[in-house]
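In what follows, a structure is listed as structure tokens, so that the remarks can point back to it.
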Amino acid sequence: MSSNSIALAVIGGTGVYKLAQLDQVQTHEVDTPYGAPSGPIRVGMLLGHRVAFLARHGEGHSLPPHKVNYRANIAALQQIGATRVLALNTVGGITDSFGPRVLACPDQLIDYTWGRISTFCEEAGSEVQHVDFGHPYSPMFRSKVIAAAKVTGVTLVAGGCYGATQGPRLETIAEIARMRRDGCDLVGMTGMPEAALAREKGLEYACLAIVANWAAGCGDAQEITMAEVLSNVDAASSGLPELIGELARG
């Protein structure tokens, strides 16, 4: 790996709009054939390794989940040289092991979104790809995320099924009950089509889900407030710089 290569790219979700301890930061405005990404890509040094960061919802959280240009985000990260992408996704917990302030590295997902451009095989003349998506997150990269958590002492649930919903509204109790029956442990709004697009581009991709609240009808869930969400994300994210730094080592 050359000194100028990107060791790791991180996509930040709700409540994670910058990467703590990222030094010597350079800002890159990237154009792609699919339009502009959510915002500039910040590239800097984290614990001795070159790491890129992109805020999925834009700076100031200006983009709701269904308006994110997922294709441009993935293409932009690839264009700057990233080959490994760690996606930070703020989610709700459905099953008992996934309560607020839990970090999880899911191994499966179910897509409930609609109307989003979900492939790079869209324009006339583009190569048609039927990518294998049985394991939607890179198994080898997931194992490295889990190992990095152990090394840095970050408590992490290894596994779980992420259910991706359309948003931006939260789900009904009945919708969450259906998702539980389907086998979902977590619910979020940005897991797809991001994971599938990364697979089409040949990127190693894993999700680190930050549980901000109980989903509707689960746990001791009451009315969910944004203040509660951000507080729980902040608490659960305290060990992320060390985990990400360890992951960037290779």
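Even glycines carry a Cβ here, placed using N, Cα and C.
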Listed in Swiss-Prot for the phosphate site shared with Thr14, Arg56, His57, one of Thr190, Thr225: Thr190
Trp214 (substrate binding site) and Arg56 (phosphate binding site), Cα-Cα, nearest whole angstrom: 22
Distance from Thr190 (phosphate binding site) back to Ala215 (substrate binding site), taken between C-alpha atoms, in Å: 15
Top Cα neighbour of Trp214 (substrate binding site) in the set of recorded positions His57, Thr190, Met226: Met226
Most crowded position, judged by CB atoms within 10 A, among Met189, Met226 as recorded positions: Met189
Thr190 (phosphate binding site): secondary structure state under DSSP, collapsed to three categories: coil
Distance, Met226 (site 'Important for substrate specificity') to His57 (phosphate binding site) (CA atoms, angstrom): 15
